[in-house]
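Colleague: Structure provided below as structure tokens; questions to follow.
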Amino acid sequence: MSIQPYQPKNKIKIITAAALFDGHDAAINIMRRIIQSTGCEVVHLGHDKSVEDVVNTAIQEDANAIAMTSYQGGHNEYFKYMYDLLQEKGAGHIRIVGGGGGVILPSEIKELMDYGITRIYSPDDGRELGLQGMINDMVEKADFPTPDLNLPEGKDIYQSLKDKDVTTISRLISLAENREEDFLKLFDFNKVEDKSVPVLGITGTGGAGKSSMVDELVRRFLIDFPEKNIALISVDPSKKKTGGALLGDRIRMNSINNPRVYMRSLATRQSNLALSKYVEEAIQVLKAAKYDLIILETSGIGQSDTEILDHSDASLYIMTPEFGAATQLEKIDMLDFADIVAINKFDKRGALDALRDVKKQYQRNHNLWDVNPNEMPVFGTIASQFNDPGTNQLYKAIIDKVVEKTGADLASTFEITKEMSEKIFVIPPNRTRYLSEIAENNRGYDAKTKTQKEVAQKLYGIYKTIETISGKIPVLTKHGIEINGTENTELAKILLAEFDKLKRDLDPYNWEVITTWDEKVNKYKNPVYSFKVRDKEIKIKTHTESLSHLQIPKVALPKYEAWGDILRWVLQENVPGEFPFTSGLYPFKREGEDPTRMFAGEGGPERTNRRFHYVSKGMPAKRLSTAFDSVTLYGNDPGHRPDIYGKIGNAGVSICCLDDAKKLYSGFDLSHPMTSVSMTINGPAPMLLGFFMNAAIDQNCEKYIKENNLETEIESKIKAIYEDKGLERPRYNGELPEGNDGLGLMLLGVTGDQVLPADVYAEIKKNTLAQVRGTVQADILKEDQAQNTCIFSTEFALRLMGDVQEYFINNNVRNFYSVSISGYHIAEAGANPITQLAFTLANGFTYVEYYLSRGMDINAFGPNLSFFFSNGIDPEYAVIGRVARRIWAKALKNKYGANERAQMLKYHIQTSGRSLHAQEIDFNDIRTTLQALYAIYDNCNSLHTNAYDEAITTPTEESVRRAMAIQLIINKELGLAKNENPIQGSFIIEELTDLVEEAVLTEFDRITERGGVLGAMETMYQRSKIQEESLYYETLKHNGDFPIIGVNTFLSSKGSPTVIPKEVIRATEEEKQFQINTKENLHKAKAEEEQQQLTHIQQIAINNKNIFEALMDATKVCSLGQITDALFEVGGQYRRNM
């Protein structure tokens, strides 16, 4: 029987959010929907919210409860800090509930609830109560009436309001909403001395971007008036059926968490009206609190929002260019009354026509016939674009209008330019069909292959006929066939003529394929095969010998004889290392370097450095893959504040400056051709890349110092630098691990350019950049679509990516990938394998189009792109790599005219994290083995196998060793894996390849219909599709239609309960403190240089120069958080979406 929703006795308001530095918002999104449908008013803040942010919101909104999810560690500190802060601010009545799946251990749940947290829900609670049952329990705990007003000691209501006491303001508004009689007894507006606070009313159609616009206006107000305060009242509609409401404006606002801003969300609590009936009381309270400006924003329910005029002194109507025919404007009442009109989303098609039509309509409605239509107060704006000139003009016009109508003391000095809002396009408008063009190109290639195959098959038929009737084997020549030694019969002449006629329909390249086929087959039969990589000749044995003394070919070719079959195979499959690279990028696998990646990241840089040395011990190739803690992932510095402190070094390594990077990779020669480093970082990727590059450069400076016996001289220079400042020199914390020779540690606290001559340093830097090997993830599109570690506005983040790639081209960085275009996180968020592949390739082609639009050469940047996929157990995963390579190669060669190196799609595979289950965790290694087999058989370029216990904890040394053994056993022991194209020639593999390829091209067409990748992101197409597919999987898993062994079938005698980890790896207090000290010492040592560099990068950004070039210098002296904050000011913060 389904559980019925609890019926609240009072009006309940609940704040929902995901914790700080935590992008896992799927769970809280589901929860807030159910809370809302249970009749509550929900203020949803989205992901990555600090305790202070959430607590301030709860007090401003006078909420009954806060509901949080925390999946990224640090939950003990986070929830306790929230409890303490609520007590400190006199809001201890607000209930706190939370959850975090298996991340929050049962012992921690008990500890938190003993501390005073109302309830932390565990996965077992979810199974026992169900989702609605959990929400019912939570809502019941939060079901209490608005408490009485407690004034600060010695203050009356009006004095307390004048002091802008947030609790007093909030409680009075709540009393007006919920206990009207008590409010009227307490508050008399007639007693307010000065009632002249201006009110700006903002209304408009739903989806016009009102929340983003309000945020932009508030941001400009705070800059324009550093001493003044502003209050917002935002009204959203209530649901008629349940009485619940989604108060969702705060999620879009970045500038309101400021002591000079007060915001209150109200539900209409009545249907078909844009305002709450308590708006006037709220305005009176805020006027009594003497705010300098009050903004009232309505829910925007259609063309008639004129009731806002009863409450405002000046009004703004926000619309979009998409209002239909010009006659529709005559139906919009607000155009009769609004003082100012904004046409937002001015980048949409037809915006200039819309601006003209609205100006004319405004002129007619206001009878302004003697004024030029161009002077009407109608502005084109793009609120979503940072520092948009149209929004600047609009802001200035609004403030001037408020002053004109009310005489308010708001003399704006905000500087504006007369330029119009112009979208800074990432993809030029005339290129939005790029994905469908690729689909058409690739389908055209396939169609041509099919017709050419038929021609070749007919030619082969004639060839065999001639051979049969003449008794001779015709000789294949460059131009056709010849029969030697006899007079040709009449029939043979006819056939030869027919052959020559038909051959005209065959592409000359395809004839060459046919004539050289036997030669190709023989090359693989020879004992040694030689080929060139970057002008270097490589010789490889073509066979391995089994224990039974059989010669096993490394590459097996088909035994086709008919030319059509051979041609189709070469054009669609081919041997590894040849277009279209279906079976692999290189003729043979690299010997001595298995594709194993060594993954680590926990605690401080020293602990992760030790783990790296442990996992790479005895391995000829050092392929280090780095996981960062969530503080780093969100571009922040470690700090004492509890919601930050709890996350330092948990679930990843803490890195906030150059010295951290030097310690992290110390003892590994970063310029060695057998060393490569992968960094799983996105939002702040350019800064981490700057730390890495500088660490590699300084390693080579160290080598130069040692080679030239300069150690004593350099040591005294460094000593002098720190003695002058009276500071302790940075050091590696603890003993060096086995295998760490100290390379990278000599120059801790300084950089090579401080101790070596400028020309020597420049030469070392140049050579290092050309040598380093590795990958930085830096894929901002998939972050917006799936993972949420975006920190900058999307356009600015893409610009940073482009700047990195441009720097790579200009500085000959050829061995390092500037981006790892990732499907892994799309799959982890719930997408099926086809969606993962289609979205990832679509993102890849978007970067191609963007870089081309910036004037970069595809052959220069193509080789710097790499990909990253998940491998699950679904059948499509057997071909994910070969389909990706084939689509990419066909498009890059035929559509973009790229060279062979750019046509090669290189990809990393990580086995599926989503298929790791917390029940019967030993079975996870079986799943991982099958996924690794898929990856190795499909010739992935590198592979990470997950540890079986990752479903419940950070992996232990034992589980990591087992995960690596999976790959080693396949590569070293499994006989079939000695062959390097084992799945080629399989009927099902060929069929699957064709099916998946066509499914991906069809998805490209769907994305094109939505305006390309960026257009689809605006309507959240990708997110919605991922969520739908996730729900489908979870439903089948839950009802048992999709069998998962040890989870929903084949359960143990104990019922396969969730496994609780024996040991949990967390950062120690000593490590956290050491990281904070490192940061604070850096600030003391480099205070002057830091400020210069931060100002410099801001100027570079404003002047549209290459930011990464400036970051290469800034990362020598600044901390990660400093750079992030500096770039926020010039590039804008990421704006969350619902």
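Using N, Cα and C of the backbone, Cβ positions are placed for all residues, glycine too.
Heads up, TrEMBL stuff is auto-annotated, nobody curated it.
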Colleague: Have a look through Glu88, Glu467, Glu1018 and flag the one TrEMBL assigns to the GTP site that Gly207, Ala208, Gly209, Lys210, Ser211, Ser212, Arg252, Asn344, Lys345, Phe346, Asp347, Asn1137 belong to.
Modeller: Glu1018
Colleague: What does TrEMBL list, out of Ser654, Ser853, Ser866, Ser870, as binding the same substrate as Phe588, Arg623, Arg773, Tyr817, Arg901, Lys906?
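Modeller: Same substrate site in TrEMBL: Ser866.
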Colleague: Out of Asp224, Asp249, Asp310, which does TrEMBL tie to the same Mg(2+) 2 site as Val235, Asp236, Glu297, Thr298?
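Modeller: TrEMBL names Asp249 for this Mg(2+) 2 site.
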Colleague: Please determine which of the binding-site residues listed here (Ser211, Thr298, Ser866, Asn1137) has the lowest count of neighbouring CB atoms within 10 Å.
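Modeller: Minimum Cβ neighbour count within 10 Å, taken over the binding-site residues Ser211, Thr298, Ser866, Asn1137, occurs at Asn1137.
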Colleague: Excluding Ser211, Asp249, Glu297, which residues of the same chain place their Cβ within 8 Å of the centroid of the Cβ atoms of the recorded Mg(2+) 1 site?
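Modeller: These residues sit around the Mg(2+) 1 site: Lys210, Val214, Asp215, Leu232, Ser234, Asp236, Gly248, Arg250, Arg252, Met253.
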Colleague: Determine, to the nearest whole angstrom, how far the Cα atom of Gly209 (GTP binding site) is from the Cα atom of Asp249 (Mg(2+) 1 binding site).
Modeller: 10
Colleague: Measuring Cα to Cα, how far is Glu297 (Mg(2+) 1 binding site) from Arg623 (substrate binding site) in Å?
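Modeller: The Cα atom of Glu297 (Mg(2+) 1 binding site) is 54 Å away from the Cα atom of Arg623 (substrate binding site).
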Colleague: I'm trying to understand the geometry here, so how far is the Cα atom of Val235 (Mg(2+) 2 binding site) from the Cα atom of Ser211 (GTP binding site), in Å to the nearest whole number?
Modeller: 11
Colleague: Can you grab the distance from Phe588 (substrate binding site) over to His24 (adenosylcob(III)alamin binding site)? Cα atoms, rounded to a whole Å.
Modeller: 41
Colleague: I need the least crowded one of these binding-site residues (Asp236, Asp249, Glu297, Asp347), counting other C-beta atoms within 10 angstroms of each C-beta.
Modeller: Asp347
Colleague: Whole-number Å distance between the CA of Lys345 (GTP binding site) and the CA of Asp249 (Mg(2+) 1 binding site)?
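Modeller: So the Cα of Asp249 (Mg(2+) 1 binding site) lies 17 Å away from that of Lys345 (GTP binding site).
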Colleague: Which residue, of the binding-site residues His24, Arg623, has its CB surrounded by the fewest other CB atoms within 10 A?
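Modeller: Among the binding-site residues His24, Arg623, the sparsest Cβ neighbourhood within 10 Å belongs to His24.
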Colleague: I'm trying to understand the geometry here, so how far is the Cα atom of Tyr817 (substrate binding site) from the Cα atom of Gly207 (GTP binding site), in Å to the nearest whole number?
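Modeller: Cα of Tyr817 (substrate binding site) to Cα of Gly207 (GTP binding site) measures 39 Å after rounding.
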Colleague: Taking the Cβ of Val235 (Mg(2+) 2 binding site) as centre, how many other Cβ atoms lie within 10 Å?
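Modeller: Cβ-Cβ neighbours of Val235 (Mg(2+) 2 binding site) within 10 Å number 28.
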Colleague: If you measure Ser866 (substrate binding site) to His24 (adenosylcob(III)alamin binding site) at Cα, how many Å is it?
Modeller: 25
